[in-house]
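Going by Swiss-Prot, these are the annotated features:
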DOMAIN    171-588  domain 'Protein kinase'
BINDING   177, 178, 179, 180, 181, 182, 183, 184, 185, 200  ATP binding site
COMPBIAS  298-320  compositional bias 'Low complexity'
REGION    298-322  region 'Disordered'
ACT_SITE  417  active site, proton acceptor
């Protein structure tokens, strides 16, 4: 037993050393990335300033600046620091550099004054000048003698971080709702209008994707206007340092909002875009996470949750980044001991700048999402659902379809990350567009209330290029899902279409709107089939990905089963369009369970014979639909 414990202790020690080494390596890589971005942004700011000096015409100076930067980008000196969206950040750098020059001139002036003062001898006490001269010792910088204390006071970051922050001045931060590959999401209150919002922060330090792609989600949100799509309010960019960022307040009662992206996932059901490690690069491609409790397609490391109704244990996984002080500092007799690697990393941290810029996206705050709702519902209901519940959930699904159809047809985009955690539920009124009745199952409340489902988290959205191939860039190809990599967790493979999973083995893939159709088919099945355990859910969702539905589900839902199998066909060309899904007859608005007053009045004026004829016609229409759908099921089973 002693030998076993000693052996285990040795293994733990080796593991700890390996973990520390990896942490230090990631820290250095992150620091190098920050230094490179810092330098490129400063160079770009200088170039813009020079171009403005060479030509007083603003339009011509902009063209000159763009041409020079584009040329430098081709040879690898710059990336996309010159894009219009980063003009405010470049302006901050220009102001900071101007301030630094003023500091340096003042330091030189004071240095010259000290030189003249020290040149005068003091006859009363000759020895007093030695400690003074030692304190004011000089060192050489490119042949110029500069006093250390003067040079040490010169800093670029002090000016950058002293600028007023719109976020700090205008918003009160309540809690961290979630964090992930495309940023962190916070629950905030605007001090001016008093309203509460979801604020997504994207820190450029952790982004290894191009700047233009960082702004893609913002531009997509800005042009969307639909009741079943999350609402966008504003966005802006600020320069920041670690010292100026607000402290993170993590609340276990936080609300689930659009992750975000991603943000992007995170809960006891299924994670979206959250918490990439330092080694995982962030691109606009799909990086898939496993579904907790699912027979994993792709392994992941940590998960997090910010759903207000998800079990509190899920919040324990929202860990802060590894603290190097904890992993590399030892104590012995109350004496702190630093190992060599940690001392080296401390030196690197001192020399590298920590400045970055943050993109703020102000969006609608939703206090619930479909994933959290399904968790609550499954505690109260079991399969099969009653007729009323089926109608409530099909009405809900119809509104979800409307939102995704708007994304496809209204703004010509493909979401690529449709799943329950990215479908948000906002409280609404019966007369609001896109609202449906639903039982919340909050606090044992079984009363119906009106909610509006909203599609959110557009961090993985892409343009729908009809009849064209979407070529994957080198960056995308090298950061698509790695089945052996446990650090990749953007997106969830459970709901992802097969062609997305196949993208890792091909440089060209035809990404169409049918990607979202597949994901919606998975969501429909989950809406109509309550699960009692995560294992049951995992097994049946994976079976559906293979084209199999439970026999008891098919018996209860013949038409719905056909629709689900149609939507989740492996071949995207065999999947229906969302318009075909809406017109198939299964998602007709409910006119029986919650009719409008006008409908009740008009119905009362119909005679009995007319009502019977309407019922018989509807019955015949449904029989014909069942026959068609059965033939489709047989066709799918014989493939």
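Placed from the backbone N, Cα and C atoms, the Cβ positions cover glycine too.
Between the CA atoms of residue 179 (ATP binding site) and residue 417 (active site, proton acceptor) there is a gap of 16 Å.
Summarising model confidence by region, the domain 'Protein kinase' (171-588) averages a pLDDT of 70. The two recorded residues, residue 185 (ATP binding site) and the residue listed as 'active site, proton acceptor', show a Cα separation of 17 Å. The number of other Cβ atoms within 10 Å of the Cβ belonging to residue 179 (ATP binding site), over all protein chains shown, comes to 31. Under the DSSP three-state reduction, residue 179 (ATP binding site) is assigned to strand.
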